[in-house]
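In what follows, a single structure is set out as structure tokens and then discussed.
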Amino acid sequence: MTETEITRAGFAAIIGAPNAGKSTLTNRLVGAKVAIVTHKVQTTRFPVRGVAQVGDAQIVLVDTPGIFVAKRRLDRAMVKAAWSGAADADAIVHLVDSSAWVADKAGTATGAQKMSIADDRRVIDQLKLTEKRAFLALNKIDLFPHDQVLPVMAELDATGVYDQIFMISAENGDGVDRLAAALVERMPAGTALYPPDQTADLPMRLLAAEVTREKLLLRMHQELPYQLMVETESWEEKKDGSVRVQQVIVVGRDGHKAMVLGKNGASIKEIGRLARKELTEMLDRPVHLFLFVKVDEKWQERRDSYSGIGLEFDV
């Protein structure tokens with residue numbers, strides 16, 4: 001057997017509360033950036049498939065949107081997509097922000113941390129209903145002494161929905177190898193599902209839109225990041241080997257358009273520069289990126305806004 005011969009292949013879904021670190025873990029396991037990462041919750045809107053090769057196994061990682069109380073149509077579609085990603089997976093990883101639980105035990109949890117814990121409990125309740133046993137990955141253990149997480153491990157283990165528990169830091173990689181080895185054992189026998197050099201199952205046009213949305217999320221503040229969408233309108237391969245990409249940033253209000261543009265267009269120029277730089281590195285060829293902004297107050301209620309990113313509209 002050669003080093004690249006695959007004898008096991010399957011799917012692993014990473015589920016959890018918003019901002020638990022699911023995209024960071026996916027990127028860590030794959031060894032390349034396949035999902036955008038920001039400090040804001042609800043960054044991931046649809047399941048992103050990253051392809052990791054661990055020894056003789058190929059693990060297709062489904063990085064799902066965060067699971068939370070959903071009120072808007074977009075939120076409901078995101079949560080439904082998260083559970084759909086887990087439904088047929090060969091393995092499920094419930095990723096938990098353990099720093100929130102440790103803070104709660106100490107009586108110092110913030111409002112956001114309490115919401116994260118409530119979301120974790122909803123995941124546990126759903127796992128009980130589906131009778132699916134998961135791996136529990138306690139993330140962010142680099143933020144506190146490890147003995148402080150022991151009461152959290154005991155409480156969550158008592159729920160009876162986990163086969164194994166792992167303490168990890170998706171940020172620096174601590175404990176991730178052990179989790180990866182456990183995922184390998186869950187993968188069924190079979191040949192590779194993707195070519196060995198493929199790290200993501202995501203159309204390039206969509207990945208390019210996600211890169212630009214990441215730069216917007218990192219730069220914008222308040223409610224704006226959740227009121228915008230990025231679409232790749234055109235993708236043109238040029239004779240000189242470069243690619244011309246045209247994208248539109250859709251926002252819900254005129255005021256939001258002004259924020260995205262910035263004074264004298266400074267904000268959108270910087271967003272374009274950062275997105276262009278990353279896309280050039282990702283594609284290993286020159287990228288000519290053109291960004292436009294339009295206002296559509298009803299974009300979250302339009303069916304085509306959902307179909308393009310694989311979300312269900314009728315939820």
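Using N, Cα and C of the backbone, Cβ positions are placed for all residues, glycine too.
All annotation found in TrEMBL is predicted automatically rather than curated by experts.
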Region 'G4' range according to TrEMBL, out of 3-6, 139-142, 235-238, 307-310: 139-142
Which range of 16-23, 104-111, 240-247 is region 'G1', per TrEMBL: 16-23
The region 'G1' (16-23): DSSP-derived helix, strand, coil residue counts: 2 helix, 1 strand, 5 coil
Averaged pLDDT score, the domain 'Era-type G' (8-189): 83
Secondary structure content of the region 'G4' (139-142), with strand meaning DSSP E or B: 2 helix, 1 strand, 1 coil
